[in-house]
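Trainee: Dumping the structure here so I can ask a few things about it.
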């Protein structure tokens with residue numbers, strides 16, 4: 001009898017101590033408040049397969065998200081799971097030891113992910129992955145299909161054709177482009193959206209191999225072509241801010257917007273009847289490949305100090321799988337980083353198609369790891385270029401000289 | 001009997017003073033002191049690293065690219081201070097004088113001049129961004145309408161006009177404040193003095209220079225000192241109108257923006273740079289504290305007791 005009591009007590013005790021390990025309440029942080037309903041649906045779905053794990057959604061303001069997140073993680077009050085930024089944005093968290101290191105044994109589905117996708121969430125110093133890549137963004141030209149049809153123009157095959165279409169639109173009294181450059185970062189997006197094809201894959205590879213710098217004639221030529229096409233931006237575009245530029249496009253006053261695929265959702269929201277198309281800005285010659293600029297903008301990560309690491313890993317495995325990715329792509333209009341996802345939206349399907357011929361959005365992807373950042377330099381350089389205060393050569397030189405402060409291959 | 005009463009009274013006073021004092025220490029003195037301490041450490045994101053002495057200060061003052069940006073922003077703050085001294089305090093004084101002399105419509109204008117001050121800075125920024133819009137802005141449309149189309153410009157996109165545009169917006173927003181302070185100062189001038197002056201001269205200029213200006217010195221002290229502090233803490237309008245990077249190419253960058261961007265990171269910067277950010281905050285604080293005390297002391301000397 002005594003034995004039975006003891007063993008019963010032991011059993012109960014072990015059961016009691018085992019219970020918290022099974023039932024886990026995880027918190028999930030993101031900067032996308034607008035996606036709350038869909039995420040709660042995803043979490044319910046996850047809970048069906050893992051009845052003992054619940055996930056709670058919490059969102060914070062986008063621009064200060066990283067500050068809020070790193071403050072909370074530093075103070076030990078961070079979430080179990082979180083949406084993270086990429087590149088320099090993940091290094092500041094991973095470098096401080098806040099994130100759980102991941103690999104293919106922990107998350108087998110990572111096997112099929114593309115190299116650039118994994119690189120976006122990998123810390124360069126220890127080559128360790130800290131988040132499951134979530135979505136990519138593409139720098140391209142968005143156009144108003146109705147305006148194109150009305151003026152009898154189609155997606156341009158070469159740079160000359162591109163200029164001719166712009167001329168035709170201008171003659172018809174339509175603004176060819178909606179872009180304005182008073183908002184600093186818009187000077188960076190237009191470089192990638194309009195000139196990736198002119199720079200070309202070979203330039204990017206040489207740049208990464210340390211064989212060339214931004215003084216390269218291919219880069220300088222691309223910047224020169226940007227200046228050329230800026231003649232078709234609105235009057236006084238250097239004083240036109242981002243929000244106004246968006247409105248010029250969504251109101252149908254302008255035919256094209258050179259920018260990121262992240263615009264598509266907000267454009268559609270601002271004007272649901274807008275019929276949009278996308279294309280990669282062409283290169284000088286018809287036969288050259290048309291390239292878009294590509295970068296990854298988000299990932300899913302787990303807290304290194306979470307109380308339920310197993311449950312957190314289960315969740316990361318769930319978001320790395322195609323079933324979730326399919327819903328993530330179609331319900332939230334993301335170009336998912338998970339391989340093999342198909343898209344309901346023809347526009348997103350087209351973006352995913354264009355992604356097959358791309359070079360990275362290099363100032364963001366490769367040159368944001370030190371001060372001054374490539375982004376600082378290109379924004380200032382292009383603003384001076386478009387203001388008539390710098391030549392394309394000077395822009396390339398300012399990039400090379402500025403980056404040589406920290407980028408080893410440029411140091412002499 | 002007397003001493004016990006005093007002790008009780010002292011206790012009572014202490015009990016009243018302690019809570020606000022504790023509050024101030026916790027939320028004002030402690031953060032300032034800890035920011036001082038932060039400036040001497042290396043930071044990895046928000047995790048504190050090694051003690052590195054004055055390295056952060058050296059970085060923001062002498063190392064590329066920080067030093068360049070510090071100087072650039074500081075020069076802009078100085079420009080803002082002098083431009084606002086003329087456009088805000090100077091115009092404020094003139095307006096106050098007109099209101100005080102009760103020119104026609106003074107009662108209406110007294111309210112009209114002060115009205116923008118109650119508007120939120122965010123509203124003022126949006127309003128002026130619309131005024132200065134290159135395509136649909138009132139400013140450019142009016143210029144074109146007057147046949148002065150060649151003067152229409154992309155105001156916020158040129159380094160020559162962007163900062164001035166922000167200064168004008170700020171002057172429009174805040175001019176009511178110095179006006180009000182000067183007006184109050186003028187209304188305190190005793191009528192006997194004014195009557196006496198009237199027997200000597202009819203010239204308004206002499207009255208302003210010899211009587212009014214010296215007698216509103218206390219108001220000038222307040223207005224100048226506050227302008228100094230706000231010009232070197234300038235943040236909201238540049239942030240809202242030029243963006244956190246001081247677009248175009250740093251032409252609207254001021255110390256406040258630069259500090260914010262450095263400490264907390266921005267879209268175009270690598271990440272948070274807490275060490276140099278704190279060092280900047282400390283330098284800005286010391287600069288403002290020392291100079292504004294000096295200015296106050298100096299201006300106090302020239303005040304005349306009535």
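Just so it is clear, glycine is given a Cβ too, placed from its N, Cα and C backbone atoms.
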Trainee: When you get a sec, could you say which of B:162-184, B:185-207, B:254-276 is annotated transmembrane segment by TrEMBL?
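Mentor: Of the candidate stretches, TrEMBL labels B:162-184 as transmembrane segment.
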Trainee: For the transmembrane segment (B:162-184), find every same-chain residue at least 6 residues outside the stretch whose CB is under 8 Å from a CB in it, and list them.
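Mentor: Answer is 76, 79-80, 83-84, 87-89, 91-93, 95-97, 99-100, 110, 113-117, 119, 121, 124-125, 128, 132, 155-156, 216, 219-220, 222-223, 227, 234, 237-238, 241-242, 247-248, 251-252.
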Trainee: Taking contact to mean three or more C-beta pairs under 8 angstroms, with sequence separation of 6 or more, is the transmembrane segment (B:211-235) in contact with the transmembrane segment (B:12-41)?
Mentor: no
